[in-house]
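As written in TrEMBL, here are the features:
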type	residues	note
BINDING	His108, His110, His152, Glu154	Fe cation binding site
COMPBIAS	19-45	compositional bias 'Polar residues'
DOMAIN	75-174	domain 'Pirin N-terminal'
DOMAIN	243-346	domain 'Pirin C-terminal'
REGION	18-45	region 'Disordered'
Amino acid sequence: RPSYMFFAAISKRLPFFSARSSNNPPSTPRTASATAQQMVPQTQKSQCKEIRKILGAPRKHWVGNGFHVFPVFHDLAFTNELSPWLMFDYAAPKRFEPGHERRGVGQHPHRGFETITIAFQGEVEHADNVGNNDVIGPGDVQWMTAARGIIHEEFHSTTFQQAGGTFEMAQLWLNLPKKHKMDPPKYQAILAKEIPVVPLTPSDPAATAQLTGENSIRVIAGDAATFGHGGAASVHSPVELLDIRMTTPGVSFDIPIPDGHNTIVFVRRGGITVGEAAQPVEQQGVALMHLGGNMLRLSATEADTEVLLLGGEPIDEPIAARGPFVMNTQQEIMQANKDFQNGKFGQ
């Protein structure tokens, strides 16, 4: 996995870029103004995806001085086994006291992939050398396409830093197909109110009367033909990124996921069973699914269960990863380092 010591070392050599500004007010997840539509019914025979591997929560480490995370993918990060997803760091809820010290990660480069930051509690402040300055709060998402090169920094927002509070976030790294690795860099600030919310329908219609609370999906990324509404993010290959809430233990829900897509299920809060075999996955556990099958069956074992689902069509290309660069060959990695040293990132 990339070395964040590398990030710390290079940040001392980077040119300063503009100060951050807080243009976006804090948002709340699953706002009622988000579009709610029913998922599109399956027209072909449903085949349930089943678990091929379960991973537990590994040891935590600090990224900079603001993100106390654990690597959800363990040693499978940056392998084709989870393609197109590369890495997943999760910062579980942690209390930070009010203070004046900046907490986060200083300026560092990326090339060849995308970073996706989801704020659950607290606020994340972003600035880059392309001119983006932004703050996201609960329910919001930052989707940064590094592509041919960008330099950015990530910190707790000034407001959160001074007030203190509970901080929880996830950062995902998503690979780009070779044809898009040298596109211009791009940044998407996705507010919670812009993310479609789709209600979950029980696998057994008779269980509808048992539903309590909110059972829904926030479609951060996904196909309109599958979920009834396209995801909020603009993507470069077929992917699903779903923030799922289940509040009725024991009721199963079927979520359509294309056959052949990698599917990764992370239990952020609560507990679930997965598949027709109803295999249990505990809080902060990860279920890796077989490629075969066109739907995923989930059931909560606890009230107020929350799950992140990552899906996607595998990118059948070599992965060369070093530090903050993800390309297809070692020669391209060397060129990325040379371009960074020569000040070409962000152009």
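Just so you know, glycine gets a Cβ as well, placed from its N, Cα and C.
Annotation note: His152 (Fe cation binding site) sits in a strand segment as assigned by DSSP. DSSP states for the domain 'Pirin C-terminal' (243-346), grouped as helix (H, G, I), strand (E, B) and coil, give 12 helix, 47 strand, 45 coil. Mapped onto DSSP classes, the domain 'Pirin N-terminal' (75-174) shows 11 helix, 60 strand, 29 coil. Comparing the binding-site residues His108, His110 on other C-beta atoms within 10 angstroms of each C-beta gives the minimum for His108.
Around the Cβ of Glu154 (Fe cation binding site), the same chain contributes Gly64, Gly66, Phe67, Gly104, Val105, Thr117, Val124, Glu125, His126, each under 8 angstroms and 6 or more positions distant in sequence. Mean pLDDT across the domain 'Pirin C-terminal' (243-346) comes to 97 in this model. Its Cβ placed at the centre, His152 (Fe cation binding site) has 25 other Cβ atoms within 10 Å.
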